[in-house]
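Have a look at the structure below before the remarks.
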Ligand code: PMP
């Protein structure tokens, strides 16, 4: 068996230990005689799996007691609709910060349910920087302020979260949840698809301040009403049980590694190694402003684009896969989430240096 270093933006690499545990438990979960996939979501076995996953996540992110954690389906794109349906709460509009592809999708979807004010946009910079907080034109009456914590395609990340006063701050954390410590109490809601730092696709996590529950628009599908989901322990409808189970194994792995503080330390080291290599030479173009560079999705281009295919083919031959950038921005993108070990980044950097020596 040969496993590659997988730099995919998502679904992304999972810790090998997690996959091994899942394989060992595939046919018979802990003496139950059942695969987790075959269990009733209301049975005591799955209820224990679900509760353990939630409590581990609470512990990892120090989620305060007045926040609920919802295990939903539909991914972040569905949540872009579900969230305004639930959180507009009779207000005329919500504020959105436009930092690239994913926030543009969020605000376009929200427009179907209410007013949207784009309070700042990175468009003028070609989405290479996050607009300065001082220039945001926030509306104190807004239902919430929406940001995308990490723009997976553009490769931009908030180095720290903005202060938006009393209006609830909402963040799409699909591609950097659990990669660094974060103060949940500063947010009204956090949401994200699981398939990058958490587990398989099919599961969407929502972490929500309790007082924001109960105001869903009448048109909200019952299964997507946050209050219904919360009141039923995310089991109003059948949840994505297997993804929930794998997420729990990832949380357990994370805790054993030292939690999010340790993840942040490792992610800093990985990002420093890769950006350091990129910065050492003009052979590589780095489009994103230094202070807003993502530590999860490292976006770069070759000065000479005619070498792209050779670079990617050589990488693949060395077991370094999924490095091609998103079609919107082109070039390369190395996604280095929690499950990417430093050895993978070192192997990539070694190949980059070798490639540069022979083509530079
Ligand atoms: N937001 C961000 C920041 C993302 O990275 C992605 C997926 N790449 C999405 C939203 C869309 O997620 P999904 O496909 O799970 O709906």
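Cβ atoms here come from the backbone N, Cα and C positions, even for glycine.
What TrEMBL says about this protein:
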type: BINDING; residues: 42; note: L-glutamate binding site
type: BINDING; residues: 102, 152, 172, 195, 237, 238; note: pyridoxal 5'-phosphate binding site
type: DOMAIN; residues: 4-348; note: domain 'Aminotransferase class V'
type: MOD_RES; residues: 196; note: N6-(pyridoxal phosphate)lysine
In three-state DSSP terms, residue 152 (pyridoxal 5'-phosphate binding site) is classed as coil
Residue 172 (pyridoxal 5'-phosphate binding site) -> DSSP, reduced to three states, gives strand
The largest Cα to Cα distance in Å among the residues 102, 152, 172, 195, 237, 238, listed in the record as binding pyridoxal 5'-phosphate, is 30
Expressed in Å to no decimal places, the gap between the Cα atoms of residue 152 (pyridoxal 5'-phosphate binding site) and residue 196 (N6-(pyridoxal phosphate)lysine) is 10
For the residue listed as 'N6-(pyridoxal phosphate)lysine', the closest of the binding-site residues by C-alpha position, picking from 42, 172, 237, 238, is 172
Note: among recorded positions 42, 196, least Cβ-dense neighbourhood at 10 Å is 42
Least Cβ-packed of the binding-site residues 152, 195, 237, 238 (other Cβ atoms within 10 Å) is 238
Whole-number Å distance separating the Cα atoms of residue 102 (pyridoxal 5'-phosphate binding site) and the residue listed as 'L-glutamate binding site' is 35
Mean pLDDT across the domain 'Aminotransferase class V' (4-348) comes out at 98
Students should find that the Cα atoms of residue 238 (pyridoxal 5'-phosphate binding site) and residue 42 (L-glutamate binding site) sit apart, in Å rounded to an integer, by 9
One of the binding-site residues 172, 195, 237 has its Cα closest to the Cα of residue 42 (L-glutamate binding site), namely 237
